[in-house]
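Asks: Shown below is the structure under consideration.
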């Protein structure tokens, strides 16, 4: 193939024409355009010659006839028109000797490829080691902790599909590695922040925020950043670095098209298998390698790395089948049959009461902290009701965050522990029909409404509430019309206003599920509050570090507001003259690790083992029997106080829960009873519970 200049509408272009018979094919020369590689002579300047001809306004040269263009291409000079015809003959007689390779051309051909391969290997090794170092920094351990070839390699290999995809699409390996590393560095930084605030690293379900990211999510996550400006600058710097890398790095030549397609296909295949949680990932990221623990995600992250623990959890969740322990279910049904038959709540004989369920964010009893009881009471309203026997202590399945775990147990009556792979039920468990308190009451003629001062997309509440049978969901938009912020979030007073308004507008019995937001962290926030004098007047134990004192004071200020709104809600319900039942509880302890470390707990246990207050109170002296219970028992107790019975699952939960409270926690009987309740929860979620009642 030879390169020739041909005329195309007055413009010059290079055409690759077939070699004539008897002509030797020229050798390829690395780094030149395709037409130049086909040219039998070493000089290739047809574009320059043609532009020069145009500048001289040479009609003969501007036409760039085939012969002239070839002569200019090979010699760089103009050729008289009467001699152009001979150029074809000259070209035909061109000996093949002119394409003899230059000395050292072979070495120049393989040396760049070898250098590139060595550089790529070095960058991959540095990438894996740097990622492991970021992982150890996020955990706060030594860089060499658990640093083995297998751990470092498999922790880095999690991102292999995405590196290959980027490399195949952009033909730039080093820039692709940089982009993936920066994204993983952001994940490690997020894990470090979560470790500092909640004492636990990043988990797979935390990435749910990326699928429902909006302004409200940004506000919640951004509130935990110590320096939002530095974070923004780091993001901008990372973006600039990636753009610069892609601009500076030269792409792999397009002639390596087959290799690029192979890389892209391999990346796509690995990404699909990772997403579908199939081989080869299931063969590599095994329990033996990651070594997870039932106590939490920290051991797996420490031993195998954050990325390995994340992909292992993804494989576990995707391949989990909720197995129903039929033997345990039949055993618990048989053991509680007599009590369920004689102790079920009777259906209400009169007017159905309005039921208000209030999840008070991070509501706890401050007196469980050493030295707090002597400094006064910030929750006098709730404490008085509990002392009257309307409530007690509640065991919750989370600490410092994860509100939806407690919320799920209360609204459905199903223990989260029945579904071991589930971390955040609203995100992990999808069902067109989620059995629980709202569906039950809607079937009894209730209207159902939920109120929450944040986005409905947060924790997937909008979709989950709909599957639970909640007709209407009032979110942050409803709070903008007259609501006030006290600190960083909308106040509990604004939520109480909406609850009372919905009750006034209701034309039939109403279930209201209200999830507060005012006392949400971070507690070291400097956001202005509505009553600065009240916050300043809060007394604290002596000797607290400044940071711990500021966080505890902020928390106690909002805690007092929550207690005040509980009393106001009860007064408003009594003034309406309709029957009512109020269910009030905290979802978890607040994330105040510095204060807990400085003060310690009265009972000597860890923060994760503490309980939160609960109470159920209604009109005409109706109240629950105060005792220690689990969050999944609360709805069953509320139905009994409301006089609404007839649901066999809640009857089982109520009887089993009360029996559990009377047993030693570690006894064999308690273990079997708990196992039976969990089996009943799985059967209820699968819609099979009634099968075992026949």
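Glycine too: its Cβ is placed from the backbone N, Cα and C atoms.
Feature list, courtesy of TrEMBL:
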- 52-100: region 'Disordered' (REGION)
- 114-134: transmembrane segment (TRANSMEM)
- 146-166: transmembrane segment (TRANSMEM)
- 173-192: transmembrane segment (TRANSMEM)
- 228-246: transmembrane segment (TRANSMEM)
- 258-281: transmembrane segment (TRANSMEM)
- 353-625: domain 'Sulfatase N-terminal' (DOMAIN)
Asks: Can at least 3 Cβ pairs under 8 A be found between the transmembrane segment (114-134) and the transmembrane segment (258-281), with each pair 6 or more apart in sequence?
Replies: no
Asks: Using a Cβ-Cβ cut-off of under 8 Å, list the residues of the same chain that are 6+ residues beyond the ends of the transmembrane segment (173-192) and lie near it.
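Replies: That would be 119-120, 123-124, 127, 130-131, 134-135, 137-140, 159, 162-163, 166-167, 201-202, 206, 238, 241-242, 245-246, 249, 252, 301, 306-307.
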Asks: Six or more residues out from either end of the transmembrane segment (146-166), which same-chain residues have a Cβ under 8 Å from its Cβ atoms?
Replies: 124, 127-129, 131-132, 135-136, 172-173, 175-177, 179-180, 184, 263-264, 266-268, 270-271, 274, 284-285, 289, 302-308, 310-311
Asks: Where does the mean pLDDT land for the domain 'Sulfatase N-terminal' (353-625)?
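Replies: Mean model confidence (pLDDT) across the domain 'Sulfatase N-terminal' (353-625) is 95.
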